[in-house]
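Q: Got a structure for you, questions after.
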Amino acid sequence: MACARPLISVYSEKGESSGKNVTLPAVFKAPIRPDIVNFVHTNLRKNNRQPYAVSELAGHQTSAESWGTGRAVARIPRVRGGGTHRSGQGAFGNMCRGGRMFAPTKTWRRWHRRVNTTQKRYAICSALAASALPALVMSKGHRIEEVPELPLVVEDKVEGYKKTKEAVLLLKKLKARNDIKKVYASQRMRAGKGKMRNRRRIQRRGPCIIYNEDNGIIKAFRNIPGITLLNVSKLNILKLAPGGHVGRFCIWTESAFRKLDELYGTWRKAASLKSNYNLPMHKMINTDLSRILKSPEIQRALRAPRKKIHRRVLKKNPLKNLRIMLKLNPYAKTMRRNTILRQARNHKLRVDKAAAAAAALQAKSDEKAAVAGKKPVVGKKGKKAAVGVKKQKKPLVGKKAAATKKPAPEKKPAEKKPTTEEKKPAA
């Protein structure tokens, strides 16, 4: 595929070059601003919306009244009466089943948007300029690998087509049939509730046919899936950039292609079919930044590059890195060695002291055993226990003590001793 500049070849209905050339209109060199295209597309698309709203009575067609406080239930209004499940249920609130929605929609919403005329023209210029770049067109998914040239211009004889078979044959000759096959392959069922609203099927977009006069071309192309037809005097950004994305594959008739300079003008001459309008200017005449920066004018103004290399030294922690510590303090090695030796010496002293104490304790216990005349018995842990000495039981405490305690014997009543008066016999 060729992207010819500044002349464009005109192709015949047989798909071959007719030998005629057309000068590339200046609008194809306009700045491409995807942000403006997206903004204009978003706002213009809102103008197709139809007002909708819920009923003003929805959710309020019941006799409900709050029960007030003191019943340990929420204070939401409740349906009156009895004998049915509905009685006592909450009503009116947006949190209730059968209640109204929050902030019910109204028909007096601001549905439509006004867009500046200059902005709309800028967006159309950007969309047309993007349609001439094969990379952008292919990024949109159009199958233009075999198309001979972009922009693709055909003779005006095509505007007189009235049969669909003629249009299909033309697309085959121009190698644009692959884009139509892509549309057929993409036909599928819509997701969501649009299926119930006469929008069951969706499909991809195909080529956009732009003509100057309708001599039957609309009837010839309108039944081919994915095809969009536009009059060059009534270009629509919603069709040139579907979804707000630039890069639609466009097929032009020769007269429509020649008319673009009159519609949008050149930078040297204003548009003749529009009142005081000219193409938007580029912010940069030359967008090749590398070429600009390497130009002798800029290089002359720049200073020579500094080639001195400053190596960044990694600072290491001397408390964790012995090599760095020895660089800072060579005596640190001697200090560390002395510390290790002192720790080893202290450890040996502790071990010897513990061994001497154990030996003294052993000798003392042997002495006591010899005095008692009993042979000492060595226990499991190396301690000597006296033979014949019973181990005292620990006193029981709590419930165990109460369970094992023997009941005290019942005390007999003490017999009274006779007093001196009782001992004396009666006279």
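Quick reminder: no glycine exception, Cβ is built from N, Cα and C everywhere.
OK, Swiss-Prot features for this one:
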- 377-397: compositional bias 'Basic residues' (COMPBIAS)
- 407-427: compositional bias 'Basic and acidic residues' (COMPBIAS)
- Lys364: SUMO1 cross-link (CROSSLNK)
- Ala2: N-acetylalanine (MOD_RES)
- Lys14: N6-acetyllysine (MOD_RES)
- Lys106: N6-acetyllysine (MOD_RES)
- Lys259: N6-acetyllysine (MOD_RES)
- Thr266: phosphothreonine (MOD_RES)
- Arg300: citrulline (MOD_RES)
- Lys333: N6-acetyllysine (MOD_RES)
- Lys353: N6-acetyllysine (MOD_RES)
- Lys364: N6-acetyllysine (MOD_RES)
Q: What does the structure give for the C-alpha distance between Thr266 (phosphothreonine) and Lys14 (N6-acetyllysine)? Integer Å is fine.
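A: It is 32 Å, counting Cα to Cα.
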Q: Based on Cα distances to Lys364 (SUMO1 cross-link), point out the closest of the modified residues Lys259, Arg300, Lys333.
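A: Of the modified residues Lys259, Arg300, Lys333, Lys333 has its Cα closest to that of Lys364 (SUMO1 cross-link).
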Q: Nearest of the modified residues to Lys333 (N6-acetyllysine) by CA-CA distance, picking from Lys14, Lys106, Lys259, Arg300, Lys353?
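A: Going through Lys14, Lys106, Lys259, Arg300, Lys353 one by one, the closest to Lys333 (N6-acetyllysine) is Lys353.
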Q: Judged by the number of other CB atoms within 10 angstroms, which among Lys259, Arg300, Lys333, Lys364 is the least packed of the recorded positions?
A: Arg300
Q: Do any residues at least six apart in sequence from Lys14 (N6-acetyllysine), in the same chain, have a Cβ closer than 8 Å to its Cβ, and if so which, in order?
A: Lys173
Q: Nearest by CA distance to Lys353 (N6-acetyllysine): which of the modified residues is it, out of Lys106, Lys259, Arg300?
A: Arg300
Q: Any same-chain residues 6+ apart from Lys106 (N6-acetyllysine) with CB under 8 Å of its CB? Would you list them in sequence order, or say none?
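A: Result: Ala53.
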Q: Which site among Thr266, Lys353 has the most other CB atoms no more than 10 Å from its CB, taking these as modified residues?
A: Thr266
Q: Could you tell me the C-alpha distance between the residue listed as 'citrulline' and Lys259 (N6-acetyllysine) in angstrom, no decimals?
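A: Computed Cα spacing between the residue listed as 'citrulline' and Lys259 (N6-acetyllysine) is 46 Å.
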